[in-house]
Amino acid sequence: MNLEILQKKKEECRTWKNVEPWFLQLKEACKIEKSNLKIDYGDWFSIGNRADLGDEEYEIIVQTAKKLIPWRKGPFKIFDLEIDSEWQSNIKYNLIRPYFNLKDKVVADIGCNNGYYMFRMLEDCPKRLIGFDPSPLTLHQFEFVNHFVKSDIVYEMLGVEHLEFYNHKFDFIFMLGVLYHRPDPVGTLKSLARGLNSKGEILIDTFMIDGEEEICLTPNKRYSKIPNIYFIPTIPALKNWLERAGFENIEVLATTITTSQEQRKTPWSFDESLEDFLDPNDSSKTVEGYPAPKRVYVKARKIM
């Protein structure tokens, strides 16, 4: 597979009719050059203060952030402008944070969205940090934030299927909220294994259903109004998938029920969010009648 051709898409996409307005607005924001800005790696990933900008500069920041709506992951605070994303991604990050040490490691984030988790990971001082996501919108959101952060994070407009062909292997791979979008979950986990160095580790989360049987739910057409949800396993079924893909030391870190504290509508998001995806008369079910979203977080190590 020739990744160079695929990587050129990163630049070519900027001329697409729906993408060009984002790119042109981003270019305006990137004319603002500031150095030695204060960075806060907390729940609100923050860069700079309002006092760092003149009025015209701040207005460009506001207009750029608004042009790049919807912001699904965050929250961010850019020169004190609060971008309150649909997902409070700090909740997930704080949950998994005790389970990894990225210092001096080569790290990948598959389905990295706008890079919120990667910006938080900078505090861990990884050797190299690379995000994979084919979305032009989230690429521009990432570049907007990173223009001021000035990190060495690499953002590749590639998917998990390209991981094993990348030009080097990884010590640690995150794949959060991706597996249920893949029609071949075992094949996807095998791609992660092939992208790892020997004894490398993964940390994933995915939708789950309760039960001790080795089975999974296969939604018909949509799940929680999402069309591309293919397989939702029990924990025993997920462990089987991981073992078949070449992983050992499989550790269940946590299970959580998605709440409106974590996912909700904001002025920076889509018109619909979690409350619109659940049965209005029974929040334990989706609008389609399936069990409401529940997630399992798992860490595992490559066998060889």
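Each residue, glycine too, has its Cβ placed from N, Cα and C.
Taken verbatim from Swiss-Prot:
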type    : residues                                                                            : note
BINDING : LYS73, TRP87, LYS92, GLY111, ASP133, PRO134, SER135, VAL160, GLU161, TYR180, ARG295 : carboxy-S-adenosyl-L-methionine binding site
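Same-chain residues at least 6 positions away in sequence with a Cβ under 8 Å from that of ARG295 (carboxy-S-adenosyl-L-methionine binding site) are, in sequence order, ASP205, THR206, PHE207, MET208, THR255, THR256, ILE257, THR258.
Mapped onto three states, the DSSP output places LYS73 (carboxy-S-adenosyl-L-methionine binding site) in coil.
Binding of carboxy-S-adenosyl-L-methionine is attributed in the record to LYS73, TRP87, LYS92, GLY111, ASP133, PRO134, SER135, VAL160, GLU161, TYR180, ARG295, and the widest Cα separation among these residues amounts to 25 Å. In this structure, the binding-site residues under consideration are ASP133, GLU161, and the one with the smallest number of other Cβ atoms within 10 Å of its Cβ is GLU161.
Around SER135 (carboxy-S-adenosyl-L-methionine binding site), a 10 Å sphere centred on its CB holds 16 further CB atoms from the protein chains shown. Taking a C-beta cut-off of under 8 angstroms and a sequence separation of 6 or more, LYS92 (carboxy-S-adenosyl-L-methionine binding site) has the following same-chain neighbours: LEU176, ASP205, GLU262. Annotation for LYS73 (carboxy-S-adenosyl-L-methionine binding site): spatial neighbours SER85, GLU86, TRP87, SER89, ASN113, ASN114, TYR116, TYR117, THR138, criterion Cβ-Cβ under 8 Å with sequence separation of six or more.
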